[in-house]
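Peer 1: This is the structure I want to talk about, given as structure tokens.
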Amino acid sequence: MSENKRFQLGTIGALSLSVVSSVSIVICNKALMSTLGFRFATTLTSWHLLVTFCSLHVALWMKLFEHKPFDPRTVVGFGILNGISIGLLNLSLGFNSVGFYQMTKLAIIPCTVFLETIFLSKKFSRSIQLSLCVLLLGVGIATVTDLQLNFLGSILSLLAVLTTCVAQIMTNTIQKKFKVSSTQLLYQSCPYQAMTLFVSGPFLDKFLTQQNVFAFRYTPQVLTFIAMSCLISVSVNFSTFLVIGKTSPVTYQVLGHLKTCLVLAFGYILLHDPFNWRNILGIFVAMLGMVLYSYYCTREGQKKATEASVQLQTKEDESDPLIGMETGAGAINDVALPISPIGKADNDFRARDYNR
């Protein structure tokens, strides 16, 4: 099997794992928070990350992956930034209406596109931009209801969007710059993310819920759902880093909105949540945007691959002295003509918390 085929299969696997695990953890957490009353989201996220780190440490001990240390300052900064972005998103939900919070999440894609265009010189075609607009319109129709603005909530939402965008862009760029896999990056940054939320989580949750996480009555049913949530989170965190590393931060956000639509649908089917024509219309429009985005990304990817193949073939032709012989442009003498090495394309495409 060619490297390109293996990469495509790996990407499909990463996307599928991300969707299944994220939808599962949202349903599990919804039962935990809505039905059982455990509303300490930030503290729960810190437990997720601690369990993820312990699981990866066991995997390292079993030699399932190789530990690859790199720039400590980058790892610490990246881990703390991820923790801060999660806390800010939770604060944004606490200080804003649900509708405005959904608008905050929708703003992550255009903000990511803007930052990558300005600072990384990445270009997004008109077709890609149009498909993203269709997607955002659909998700907005399906999820955004009331829009109640307040100054502090708006500032928190702005900071949440910026930190989330930067953290996801860093997830992609760090893997490529330091040539580390998603597992290696997650293993090294997880402790810093976990400790940031583990320290701040109880205070943040008490501020938002007016309840103490340590005084909560932990029944066997609550403990079971917490354990399930923590176990599923290992797959969520791993697949997040994997998807961003194999694709891009924008693709990961598009995938996140697919999860939102699936959660709405499953909530109606399994939990009998209220559903109306706006939800149905919005989901269909969003799905159309996702199909368009996937189509244009695939088409542009194939175009780039074809152009790279033509350029590589041209370099091979120019570096092979036999081509010159056949066209009469060169002659063989007693000294062997050097063949310049052909640059091998780097096909080692290696590969966070859940859809918040």
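Every residue gets a Cβ built from N, Cα and C, even glycine.
Just so you know, TrEMBL annotations are computer predictions that nobody has curated.
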Peer 1: Which range is it, out of 74-93, 254-273, that shows up in TrEMBL as transmembrane segment?
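Peer 2: Checking TrEMBL against the ranges 74-93, 254-273, the transmembrane segment one is 74-93.
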Peer 1: Taking the transmembrane segment (224-245) as the first stretch and the transmembrane segment (99-120) as the second, find out whether 3 or more Cβ pairs fall under 8 Å, excluding pairs closer than 6 in sequence.
Peer 2: no
